[in-house]
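The domain 'Endonuclease/exonuclease/phosphatase' annotation in TrEMBL covers 41-295. Sequence annotations record features per position, and here TrEMBL assigns Mg(2+) binding site to ASN44, GLU81, ASP197, ASN199, ASP294, HIS295. According to TrEMBL, the feature active site maps to TYR157. Residues or ranges marked as active site, proton donor/acceptor in TrEMBL: ASP197. Taken from TrEMBL, the feature site 'Transition state stabilizer' applies to ASN199. TrEMBL lists ASP269 with the feature site 'Important for catalytic activity'. Taken from TrEMBL, the feature active site, proton acceptor covers HIS295. Per TrEMBL, site 'Interaction with DNA substrate' is recorded for HIS295.
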Amino acid sequence: KSASPWALLRHKKPKPDWIAYDPSTMRPSSLPSEKNLVKVISWNVNGLRACMKRKNELEEEGSALARLADSEDFDVLCLQETKLQEKDVEAIKQKILGGYSNSFWTCSTSKLGYSGCALISRIKPLSVTYGLGISQHDGEGRVVTAEFDTFFLVSVYVPNSGQRLERLTYRTTEWDPAFSTYLLELEKRKPVIVTGDLNCAHEEIDIYDPDGNKRSAGFTSEERTSFQTNFIDKGLVDTFRKQHPLAVGFTYWSYRSNARPQNKGWRLDYFLVSQGLVCSVADSYVLPQLDGSDHCPIGLIIQTEQ
């Protein structure tokens, strides 16, 4: 009873060799001694304003975002589902985080207060672009790409297929292939790190109840096949699964049914990297203990070239 929820294996169909991902025991005990390490955190905040507020006096001091910055001391923060309008960005930037002077925002213009991504960095990128360069996909503010010395970093919020799967065909036959092509074009220039809410639990190990969710958005056979075909088969590597092939670790828990305290969740948030960066990954991890959203933050520590 004293153990945290994520320290205990929670899965309806566990295989004998599966284990629970517990960040308190499964993070590396040490990191490479070289100074050229970059830490990237990604988080679907499900509304940035709410994540920046302190709900009551009994909570820990500071907003959820401030607590994340204090605990992780990241170099780059990627946010998804900020739900901001363009007119709100400047005011939010003034309040967001001290010490991170470079921030880049994209907002939905087709539906206000919806979707939205940001990239906040203490390292100045060489260049920044927004969207895929395809008008039919770029109205919802779903992609920010920053170019650094040795890689591109892409913060993405992949479209949800919808409660009734009304966007499933768009998602799997239009968005995913277009995004995959975009990433392949970037890889012609530099290796790529893709992070964010990819809205797909790729395998049965990535969801608490696989049988009960076969026609739920994020776990349909169409989405899982699309994820495999457009990203994994094209050479991108799921860094968390590479590091922890048998670990059950979730990044999203529905607000319904008290799912998070029971750790009945989904792994929807990822760091995917080009093959050439796999050996540079020092840690790929999940931070389920940090709340403030129905998703938790995820992290990547990568060693860059001198």
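Using the three backbone atoms N, Cα and C, a Cβ is placed for every residue, glycine included.
In this structure the alpha carbons, written CA, of the residue listed as 'active site' and ASP197 (Mg(2+) binding site) are 5 Å apart. The Cβ of GLU81 (Mg(2+) binding site) lies under 8 Å from the Cβ of ASN44, VAL45, ASN46, GLY47, SER115, GLY116, TYR157, ASP197, each of these being in the same chain and 6 or more residues away along the sequence.
Figure note: comparing Cβ neighbours within 10 Å for the recorded positions ASP269, ASP294, the maximum is reached by ASP269.
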